[in-house]
Amino acid sequence: MSSKPRLRGPGSSRESGELVLEMSSLNLGEPRKRWRSAFIAIYCTRALRSVVREIVCRPAETVINLKGIDRNDSIDRSFASVDRKKLINIVKEKNLDALYEPGGVEPELRGVERIAKALMSNPETGIRGDDDDLKRRREVFGLNNYHRRPPKSFVYFVVDSLKDPTILILLVCASLSLAFGIKEEGPREGWYDGGSIFIAVFMVVIVSAVTNFRQSRQFNELSKVSNNIQIDVVRNGRRQHISIFDIVVGDVVCLKIGDQIPADGLFLDGHSLQVDESSMTGESDHVEINKDVHPFLVSGAKVVDGYGQMLVTSVGMNTSWGEMMSSISHDNNEQTPLQARLNKLTSAIGKVGSVVALSVLVVLLVRYFTGNTVDENGNRQYNGKKTKFDDIMNGIVHIISVAVTIIVVAIPEGLPLAVTLTLAYSMKRMMADHAMVRKLSACETMGSATIICTDKTGTLTMNQMKVTDFKLGKEAILGNIASAIHPNILELLHQGVALNTTASVYKADSASEPEFSGSPTEKAILSWAVQELNLDMTKMKQSYDILHVETFNSQKKRSGALVKKKSDETIHVHWKGAAEIILRMCSRYYDKSGVVKTLFKPEQEGVMHQIEDMASNALRCIAFAHSPVAQQNLVENDLIFLGVVGLKDPCRPSVKEAINLCFKAGVKIKMITGDNILTARAIAVECGILDPSKLTGGEMVEGVEFRSYSEEDRMNKIDKIKVMARSSPSDKLLMIQSLKKKGEVVAVTGDGTNDAPALKEANVGLAMGIQGTEVAKQSSDIVILDDNFKSVVSILKWGRCVYNNIQKFIQFQLTVNVAALVINFVAACSAGEVPLTAVQLLWVNLIMDTLGALALATERPTDELMDTPPIGWKQPLVTNVMWRNLIFQALYQIIILLTLQFKGRSIFKVRELVKNTIIFNTFVLCQVFNEFNARKLERKNVFQGIFKNKLFLWIVAATIILQVLMVELLRKFADTERLNWMQWGICIILASLSWPLAWVVKCIPVPETPFLNYLKWKRS
């Protein structure tokens, strides 16, 4: 019997869309063959027309056509079928209908699975992640970055400098002087006075603009580093740590408490996941994320509870976060407290300078119009009606320019610049010392810190945990644990570790070493289970369904999981956490033969004694408990105690030395930890926070006891407390608030999401860069990049260095201000002229404001900074030591320069112009020598460490070279005369005498009470 040809359509067992014609070799007649061929041709044509009609008429909104996608196909060709706009809008608009609508030739695939396949991503193993894959994904879907506003250009800072009113007045004076000079003396000679002022103003503006431009660039670079968040992703089955900027569409991202969601995406898997979307929506209520009702995860939101995995669907400017961030200006206009105080000081000095300048202006105008002002040849400059109008205007312009220049010199504009310079310099250098500053004012505040509240794990210790001890029930297990305990208990331990963890293990193949990912505690326990208990993580995950998870948090100090075995559908509860907390949840225990026994009080005390012994040896104790249950409830009592592991986390080698350095600097250390009080005590003794020989009681307290104190008791006892154990984040916050009430300046370290309130409350919040969550980092002022307490001490040094450098510059600048104002005022009132011209005063201003700030604001911290107690917030900026130093130096400069002003011609037998050049030269050199004096406010050896600050030496050398050029070559510009070797020698000797003078002056003791306080007493 002849078999008929059969056509297999889409519903057959073959692959979708495949048409197969099966034909037996039949001995058919020729007419019948032709009919059969015609039938086949018609049938195939109709089938093809049907397929084409289905493709053409498919709705346009379909996200993806899955037909024919092969993972080996070209990525571009595969991604071409993705409706990228709709993919973006699914998450932006949180459109469940669009997510779950049917489509494609595989209608059984809907939701996240359909989109994952379209994006060639596996929910378990992620994308391939090779260079070609990543490159093509970025080409098709874009980069995970947002458009930043272009940084301020150099021209912006030039224009900003020109907005200074005194600079504008000087430019007007220079223009008038230039116009009258050219009209009177012709272009060849007449441009000198006005042109010189123009050039001098130009130099001041350019140097100021260059300095500000460079600092702006530095702040921008640091901002980029701050935004470079690290994210965990799964690529090719392997968990990897990458930058947020390297995320691509299709990536599977691992999320945990405290993470910032790096891009828009869809929920794949996880438990108890809640996010805070207030940064995007303004709503403070936490959003619960699940697969059915709310699978949408938006970029910029923070994970506040649980853990999970997400599929990235859009990145960068295709997310709402990217659009919002690109519209925000990232200018750093923060004004630190020190800058605010300096602005007040600048304003006060500026008022004094304005009064002096106005007085000089009046005196010079009166003397000019009364005929008492003479030129270089002794001729009157004003002769009533005989004097030309141009000459009168030229004289008036000259007088006004001198008066305005006195204001320029008097106003210490370099003070705010010095703060900016030292902060920018410090921020850059602190990066090398593993500290990233997020808030400028924290640099200054750290210098005033009186107490540091520090975590234990990872800060005082190395955060390299390893299981070194294991107790089963109340028995110690030695040797090969897997063979020493009953198989049923081993299976329960496998469950307790593998199914109640946020860590993961990856093996490329059976021969390779396993790689563990997760928190240090989770990694240590998982590593122990895999290597000591022969745990097969993959097999365990495949054999059980996780029904519900309660994630670990620092408040409860435990985590639980409800699991169901697939083979027999039995349900188990597993808990893991702080040993004494888990023990209190148990009423029974296992012995090593697998027998369940009642946990009577003596047995419970025996287990507790074992836990205390382990804790006394500085071990972190983590216990396991379980219970079979009939219903799907995560029960918390009547559990069976499985056992406890002890994890060793050694102290950092340098931590004891760093803590002793803090004590030497007058800074107290308080350790706040969630660990057992015995573990905390052991670590505190090892680190040097506690001295066992000096304990009198009250140095250690548990969080529950601390929070139960009355307000009065707490304030009385808080100074003595050095260690707070088993503390919650709220206990840490209460500790900080209490310390601040007592007037302490508190710095606190933190790494968890729940530490955010404490980090914000502290005067300086220090987040951990490695173990710290993104929420903790964004709540902090400074991020410790290596999680090391030694870096905290480096920040303390830098904070003191910033304040010290500003004080050095204040002393230097005020000396110049006082000397310049007194000399010009006395000379104007007595002789009717000022020895320093407008150009010379502008040159002094350049040395003082910009070059001086660069030289003194870039000193690096020294160990001597830690020999003094913290700088009080209410201490005056100008201390008695500074008043002593600057008054004597200013008096010396005033005496020698006024002597030269009135007796210089007769002493040196020189012309007026040469005398004025000697005054100018001596004045500038005095400032150069005084820069060395300003390096050390109290120490007599001002040259200590001089070769460590190469910038200081270069600036001093540049100042001297430029001064030689001003005197010897730029005579027309600077209105100077050449000096001979003897005159140069005299200038240098007179200026260098400030060194021995400074040495003698520093021997004079000063009272501790601030000088200005005496004035207040006299007023009262």
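Note that Cβ sites are derived from N, Cα and C of the backbone, with glycine treated the same way.
If you check TrEMBL, you get these features:
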DOMAIN    110-177  domain 'Cation-transporting P-type ATPase N-terminal'
DOMAIN    231-328  domain 'P-type ATPase A'
DOMAIN    834-1003  domain 'Cation-transporting P-type ATPase C-terminal'
TRANSMEM  154-182  transmembrane segment
TRANSMEM  194-213  transmembrane segment
TRANSMEM  348-369  transmembrane segment
TRANSMEM  396-425  transmembrane segment
TRANSMEM  818-843  transmembrane segment
TRANSMEM  882-901  transmembrane segment
TRANSMEM  952-970  transmembrane segment
TRANSMEM  982-1001  transmembrane segment
Where among 194-213, 348-369, 818-843, 952-970, 982-1001 do we find the most Cβ pairs under 8 Å to the transmembrane segment (154-182)?
-> 194-213
Under a criterion of three or more Cβ pairs within a distance under 8 Å and sequence separation of at least 6, are the transmembrane segment (194-213) and the transmembrane segment (882-901) in contact?
-> no
Apart from its near flanks, which chain residues at least 6 from the ends of the transmembrane segment (348-369) lie with a Cβ under 8 angstroms of it?
-> 381-382, 395-396, 399-400, 402-404, 406-407, 409-412, 814, 817, 821, 824-825, 828-829, 832-834
For the domain 'Cation-transporting P-type ATPase N-terminal' (110-177), would you mind checking the mean pLDDT of the predicted model?
-> 83
Which residue counts does DSSP yield for the domain 'P-type ATPase A' (231-328) in the helix, strand and coil classes, in that order?
-> 17 helix, 46 strand, 35 coil
